[in-house]
Amino acid sequence: MADDDTTARRPVLSSFGTLGRGWLGVLALLLVIGLGAWAYQLQHGLIETGMRNVFSWGLYIMLFVLFVGLSAGGLILSSAPKFFHSQRYEGFARLGVLVSLGCIIVAGLLILPDIGRPDRIYQFVTSPDFRSPMVWDFGIVMLYGALNVWYLWLLTRRDLAARGSRLSLWVSDSAAGRDRDRTLMFWTAVCALPAAVALHSVTGWIFATQVGRGDWFSPLVAPVFIAKALVSGLGLLLVVSILADRFTAFTADRGELTSLGKLLGIFLAFHVVYLLAAERLPHAWAHHFGFWAITSNFLIGDTVYFWLWTGLGGAVPLLLLATPSLRRRTAVIFTASVLAVFGTLFEGIRLVFTGYQRVNINAAPGIATGGEYAGLTTDAWATAGTYTPTAVEIAVTVGVISIGALIVMAGLRYLPLQRAAPDAAYATDGGDRTQ
Amino acid sequence: MTNYGLVIDQERCIGCQSCSLTCKQENNVPMGQFWNRVLTQGGDHVDTPSGDYPEGGDGGTLEMTYQPTACQHCENAPCVKVCPVNATYTRDDGIVEIDYDKCMGCRYCMAACPYNARVFNWDEPEHRPEDGTGDVAERPQGVVEKCTFCSHRVEDGLDPACVVNCPADARIFGDLDDDDSTVSKYIAEYDTHQLLDEKGTDPSTYYINGEMSPGRPWKSKKLESELDDDEAAKAARRRSGSVENGYDVTPHVPAETAGGDD
């Protein structure tokens, strides 16, 4: 039944206000700088990036991987309960799908500056090779983006109609319509869950299928991608929810926040503790003899990225969320979620580094890096991959991310993200809301 | 079917880098890029061995091998399988080639290639002289390029430039599907291996280690001029192709298209 709570049909931001306008201005400025940097890069070529022949994927792909993962949270969190006909976490569903949509658009757009000839991207459609995991990923990213748009509209269209918004696209608000939408939401959830699993697995398989790149060639990569999508996606959803709760009319249920924080802790434990151990133990066991040699080789990492991921982005938030007295505080959940997203970023950076740092045939002089020719004395060769992103790359990346932030801002301003209290028929949700 | 392959005799290779340079020149490879590299297996630098000098009466343990490395033209080529737009493909004659008009520069193939055989034009390619060299058009900025087994020469009945210009006769080109070809005979007779064969890419490039091959179509220890009539006839029969003075002058490519050397 349609509820009477008309305030719920309003956007959580009734106007942008001074703070909102300032933030929009910052985002617009970042977008303009990013576009300028991209134009500069298009003109001069990818020589303006830190990538070279040995280390041929950099920040764009690292963040593509991160944002594909980030887009998981909202869609999974809003569709999983619906799949089980539960109202749990319903208050986060709309905001979650909005954040998912923003992230998958950022991920897709990050591919554009990475490729050398963006003018030829139509070849994906006109001349695809279906053996290529990148073609699978192109398809699933498109599908996932479309699914997010449909789902977000489905979740909000009756409230939009009730408000007389043109965004409802001539759908009218009626009790029968809302009932029909509930059925549609169930079936959308039925499609969304496997689509999310496919999205993260296929993105993992881009790396996991490659025999030539060290640790990439591992069957564990796809499950790890699912785990890190759960961690970072839920982390980002919590961050955005808490910020929306703080700065807009959006209210996040405290009990559910704590419950989601606990869930994030479980995801973190699965990703950073269990899967990492499962990945490393067999190799450490096979390659070393003494008990401590085995143990230290599977517990101890080698790069700073590893520690930023497992320590600052893994162990610390896990401890925060595992302590019952701490995880009840919104500030703690916020901090842990930020750290979890941060950790996942470095997990992706580490993954790309493990592929490119070592080369299989590293005899002297190595591989021509293909950088700008600067005369006879330049050392144009490398026997190992090194990479530092350039200012151009960072500016382009930040610009693309600002598009995602602008999408979320538009959603906050124009969509009814705050769901009204669930009607009586669906109120029995296991009582978890009182936790 | 024709299936071109290359045999490189590491016992014959003297590390002169001629193949590397002639490749660069023939294929108009931009400054700062190499399709074909001669690596030194041994010390940390080019032309340096590993081990110790013979001192105090012992023999020393110095060791050094040259490892000429370019696209291996794998039968199970990871680069071909990953290319999302079919820009990298395997030709009917086994050569792995790139359609530079299709390549969108995603560099997935560079991630896939275990040999780092591929290079990317990070900026506008530069040439010396500015108009470029050789017989191949330059590739634009933003695409990946690599060794083609000199397909433009092979189509004209010529061996790849690196093969012709190897002063040590360490490189032999031919049809792996033809049991009578020199490459097939060498692979059967000498101790050969494929680079990173554990990766399962099945390269069409084979390396000879151990016993040194004669580095030429006939396998007798004698030079061309020293062969007796029987041996000469036998060497000639190996190929049904053009026979000049009893010897096949361009024995490595199909007879119907065989022209002269360069």
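A Cβ is built for glycine as well, from the same backbone N, Cα and C atoms used for every other residue.
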[4Fe-4S] cluster 2 binding, same site as B:Cys23, B:Cys147, B:Cys150 - Swiss-Prot member from B:Cys13, B:Cys16, B:Cys162: B:Cys162
Of the candidates B:Cys19, B:Cys113, B:Cys166, the one that Swiss-Prot places in the [4Fe-4S] cluster 3 site of B:Cys71, B:Cys74, B:Cys79: B:Cys113
Other CB atoms within 10 A, centred on B:Cys166 ([4Fe-4S] cluster 1 binding site): 24
Residues within 8 Å of the B:Cys13, B:Cys16, B:Cys19, B:Cys166 Cβ centre (excluding the [4Fe-4S] cluster 1 site residues themselves): B:Ile14, B:Gly15, B:Gln17, B:Ser18, B:Ser20, B:Val38, B:Tyr66, B:Pro68, B:Cys162, B:Asn165, B:Pro167, B:Ala168, B:Ala170, B:Arg171
Sequence-distant neighbours of B:Cys71 ([4Fe-4S] cluster 3 binding site) in its chain (C-beta under 8 A, six or more apart): B:Trp35, B:Val96, B:Cys113, B:Tyr115, B:Ala117, B:Arg118, B:Lys146, B:Cys147, B:Thr148, B:Phe149
Positions whose Cβ lies under 8 angstroms from the domain '4Fe-4S ferredoxin-type 1' (B:4-34), at least six residues beyond its ends: 40, 47, 65-68, 70, 73, 93-95, 119, 121, 125-128, 132-139, 145, 147-150, 153-154, 160-176, 182-183, 186-187, 190, 192, 204-213, 215
The one of B:Cys16, B:Cys106, B:Cys113, B:Cys147 whose CB sees the fewest other CB atoms within 10 Å, among these binding-site residues: B:Cys16
Subset of B:Cys16, B:Cys19, B:Cys79, B:Cys103, B:Cys162 (binding-site residues) with C-beta under 8 Å from chain A: B:Cys103
Around the Cβ of B:Cys103 ([4Fe-4S] cluster 4 binding site), the count of other Cβ atoms that are within 10 Å: 28
